[in-house]
Amino acid sequence: MAAGGPAAGSAAPISSTSSLPLAALNMRVRRRLSLFLNVRTQVAADWTALAEEMDFEYLEIRQLETHADPTGRLLDAWQGRPGASVGRLLELLTKLGRDDVLLELGPSIEEDCQKYILKQQQEEAEKPLQVAAVDSSVPRTAELAGITTLDDPLGHMPERFDAFICYCPSDIQFVQEMIRQLEQTNYRLKLCVSDRDVLPGTCVWSIASELIEKRCRRMVVVVSDDYLQSKECDFQTKFALSLSPGAHQKRLIPIKYKAMKKEFPSILRFITVCDYTNPCTKSWFWTRLAKALSLP
């Protein structure tokens, strides 16, 4: 089989979308790719073979092996390299003989590519007309620069997440448990944790607004006594609520993970709470939270 395209009868994206950046593929497609490629077998090429075709070195591959989702990490790392594109990914999968992946995910990849093209066209149409000399003098904003560890420094491919985690530093241990339960298991969710994912040097209010509104599908609020004293958490919560009045979009999910001496915040009382302190429902806690964060 030629390495230039999928096998006959496969449902891979058409050539007009093959030059699109890897950022066109959403989390659903990436998770399904991981299901195919994370499994180590003797009969089919796995993610390590794909990494070698992408010119990753031995030590880089060994480092990727330490992650719960090595395929996802591989795609994140590769998409910032020269030549990375949807079309190139399909060529490599074909070269490795993974026609099963192309047949299964082809329609979904095509759909993602078409959505990406449509979004780019809409954004282009909405741009105001400006004189080039004036436009070039406008300083770049934080939204256009790299603000997270996996961002494109120029802002062309912003990193996106399933949920922004609003928390106080004193509650970081529970946040770390959340990472283990939601990112490093079969749920494979992608959380935005400021202390881990956000680069220093930019206004915290600007970063929070950008991430909550444009980069994260939902926001999880870790409620505690210390949370009630945090101006930063107060801003993040009120900002998220302003984006979804009445919680109609199920955008904000409060979590109570330990007993509180102070009264539960009134602005969150009308939203269903995930209560980690209730022993009767604790066994269902992570499943309920994961499903809530996975909703479209």
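Note that Cβ sites are derived from N, Cα and C of the backbone, with glycine treated the same way.
Noted in Swiss-Prot for the protein shown:
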- 32-109: domain 'Death' (DOMAIN)
- 110-155: region 'Intermediate domain' (REGION)
- 159-293: domain 'TIR' (DOMAIN)
- Ser244: phosphoserine (MOD_RES)
So how many other Cβ atoms are close to Ser244 (phosphoserine), meaning within 10 Å of its Cβ? 15
Does DSSP give the residue listed as 'phosphoserine' helix, strand or coil? coil
Within the domain 'Death' (32-109), how many residues are helix, strand or coil going by DSSP? 50 helix, 0 strand, 28 coil
